[in-house]
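J.: Copied straight from TrEMBL:
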type     : residues : note
ACT_SITE : C67      : active site
ACT_SITE : H102     : active site
ACT_SITE : S119     : active site
COMPBIAS : 221-232  : compositional bias 'Polar residues'
COMPBIAS : 235-249  : compositional bias 'Basic and acidic residues'
REGION   : 197-263  : region 'Disordered'
Amino acid sequence: QIPIPSVPVFQPSTPIPERLEAVQRYIRELQYNHTGTQFFEIKKSRPLTGLMDLAKEMTKEALPIKCLEAVILGIYLTNNMTTLDRFPISFKTHFSGNYFRHIVLGVNFGGRYGALGISRREELMYKAPVFRTLSELIFDFEEAYRRCWHTLKKVKLGHCVSHDPHSVEQIEWKHSILDLDKLTREDFRKELERHARDMRLKIGKGTGPPSPTKDRKKDVSSPQRGQASPNRRNSRGDRRPSGEKKPSDSKAMPDLNGYQIRV
């Protein structure tokens, strides 16, 4: 019998870096799929809840996986790590006249960047969250590709993935598409940092439910104050308008209709 890897279970006190190592260890134990047949069909356009159901199936079947399946599995296994930001990173490289594509799950914990994933090459998957900036992480991948005689051509960066496994949102796979043939080294670095800044801003907006509630309270209270004074005025003269209601309505209706016809 082939042993089935056990899904990692964490104690609340387990530090995030140790959890990430355990998740990567589990992904590695499933092994890379060299068969040429993909066992799990992944449609990137599916909502997150559907992809999480597929990830649950992966843990039950425990079959070898490829890089895209490893990303979905990484999202599934880190959903309860709410202080961890996850986002997809795709690479397009060129080697010996052919183009190759690879994807990993970028992570950010405490302002430090890393990655989860699976690859034929050890240096193209797991990266511990020790990189100070997103550009440092991407440059490390670029150097790893260079050691494999691959030339990095494009990098696609997605936005942060929701931690809600029942979310019907779609994963944003390519918010930023960076073509290295069209960018200088410095521009490439600036674009990477701009994307990192965009993700921080999006997270900041997402963590601000208290302010809408305050606005909502103001919106609720202000109409009550505004309605109080008209009610008092109307209460004094309610009898007079009610007495004039029938004749005023009969005259007002033609005018309104006429106005509507003119418009």
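Placement of Cβ uses the backbone N, Cα and C atoms for every residue, glycine included.
Curation plays no part in TrEMBL annotations; they are all automatic predictions.
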J.: Including all protein chains shown, what's the count of other C-beta atoms within 10 A of the C-beta of S119 (active site)?
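T.: Step by step: centre on the Cβ of S119 (active site), count other Cβ atoms within 10 Å, giving 18.
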J.: In whole Å, how far does the CA atom of H102 (active site) lie from that of C67 (active site)?
T.: 7
J.: Please list, in sequence order, the residues in the chain of C67 (active site) that are at least six apart in sequence and whose C-beta is under 8 Å away from its C-beta.
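T.: Those within reach of C67 (active site), by Cβ under 8 Å and sequence separation of 6 or more, are H102, I103, V104, G117, I118, S119.
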